[in-house]
Amino acid sequence: MGTLGVIGIALGIIAIIYLSVKGLNIVIAAPLATLIVILTNQMDIIPALIGKSPSYMTGLAGFLIKNFAIFLLGAVLAQYMEKSRSTVSIANWVLDKVGLENPYLVLVAFAGIAGLLTYGGISLFVVMFALVPLARPIFKKLDVNWALLPIPLFLGMATVTMSMIPGTPSVQNAVPTTYLGTSLTAAPLLSLVGIIALLVFGLFYLKIQLSRSIAKGEDFYSYLGEGEKAVEEEAKEEDGNYPPILLAILPLIVLVGIILTFAKVPNIILVALTAGILLSAILYRKYLPNQMTLLNLGANGAVPSAFATSSSVAFGSVLTAAPGFGIIKEAIMAIPGSPLIGLSVATALLGGITGSSSGTLGIVMQNFAQSYLDMGVPAELIHRVACVASAVITVVPHSGVTITFNNITGLNLKNAFWHQFVIVNGGHLVALIVMLLASTVLY
């Protein structure tokens, strides 16, 4: 049964990836893949699906309870910013200051904005909801292929500010502190080495891909391949009726200001998002004849993204509770050589299984941390290496971030996944290798 259980876990992972790539909704694909894991591991079907924790439904419901309000409020605020054309106003202001002559510098600046927001403690999902509407007019003005958006956006919000910069308040950086007694600034010198490696890699990749796109003659609509739709969208941009820059940016300033000022208040992100929505409803009323439509659009956008992400998390919950996972854990612990290699492999593989770096770290800390401490590995080293390794395979077709991003942007796995994969997974792999080499000198 042990071997069959391990095979079943592998088949479950293959199934969820294959079904996602083929276009099956993750809400359907995840429970189907979960059934493969349950049956091959000879788990009780009903308890594993709808029983008490750990089960599929408790994993799904647990994520929704913690995060659905963020998805809903974030989607509504994004609708207000986009439909009022505040994002066009902000984009025009930015491009007036930076200029259109060097698209690369504009995209680097955009990545910097995403990085500052996440380093300020704003949820990655909220940053997506806030910045995607802003990115659209910027990419249109620059006439850069929309499919390149994942490169600057993910470089800014899902790399160094997620796992490496000392003091970053990301969930990924916070989880190990609970188990290891470390601080958010764990292993600062090692972190610096990883930051430099990842940023060099990411900025170089952005430069290469942008240059190739321009050389091919691609424009904003190259991702579509639908001439009629492109003309229709372009016509909408001719209307110059949008809020002045101060009104356009005020809801975002209020959002960030509340989060940073009251960072220690529980669920402050919900208060900040609500304040941003209410302020937008007042400031943009003359630009929005039917605000009820916006609320409906926000709700319609939030529900699929939230349930898709929670379905992926639920799959990971059952998989890590399966008997076959225990065998995999033992095999990982038996990897010869430096304990950090085993830790890196275990964390990276779990990242690919769950599609969530934060969820992965919770599993790793609970199941592996004490074993590596007993081997004499410094706690701060476990903290930082695990943080970085958790993102080495975290961007997969069934990843909640990938699904949400595609839903918000209108992109898909075919035209946008590769850039997400390279920037997040590839960037973290480069950083991890460099950090493991540096650790032999620093520790």
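Using N, Cα and C of the backbone, Cβ positions are placed for all residues, glycine too.
For 6-39, 60-81, 104-132, 144-165, 185-206, 245-262, 268-285, 306-328, 340-364, 385-405, 417-442, the entry in TrEMBL reads transmembrane segment.
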- [ ] May I ask for the residues of the chain that lie six or more residues beyond the transmembrane segment (340-364) and have a Cβ under 8 Å from a Cβ within it?
- [x] 9, 13, 162-163, 170-172, 175-176, 312-313, 315-316, 319-320, 328-329, 332-334, 372, 377, 381-382, 385-387, 389-396, 398-402, 432, 436, 439
- [ ] Among 6-39, 104-132, 245-262, point out the range having the most Cβ pairs under 8 angstroms from the transmembrane segment (144-165).
- [x] 104-132
TODO: Answer with yes or no whether the transmembrane segment (268-285) touches the transmembrane segment (60-81) by the criterion of at least three Cβ pairs under 8 A, sequence separation 6 or more.
DONE: yes
Task: Recorded stretch that, among 6-39, 185-206, 245-262, 385-405, 417-442, has the most CB pairs under 8 Å to the transmembrane segment (104-132) - done: 245-262
Task: Stretch contact, the transmembrane segment (185-206) with the transmembrane segment (417-442), Cβ-Cβ under 8 Å, 3+ pairs - done: yes
- [ ] Would you kindly check 6-39, 385-405, 417-442 and say which stretch has the most C-beta pairs under 8 angstroms to the transmembrane segment (306-328)?
- [x] 6-39
Task: For the transmembrane segment (417-442), distant same-chain residues with Cβ under 8 A (at least six beyond the ends) - done: 147-148, 150-151, 154-155, 158-159, 163-164, 189-190, 193-195, 197-198, 201-202, 205, 209, 338, 340-341, 344, 348, 381, 384-385, 388-389, 391-395, 397, 401-402, 405
TODO: Six or more residues out from either end of the transmembrane segment (6-39), which same-chain residues have a Cβ under 8 Å from its Cβ atoms?
DONE: 45, 48-49, 56, 304, 307-308, 311-312, 314-315, 318-319, 322, 324-325, 327-328, 352-353, 396-398, 403, 413
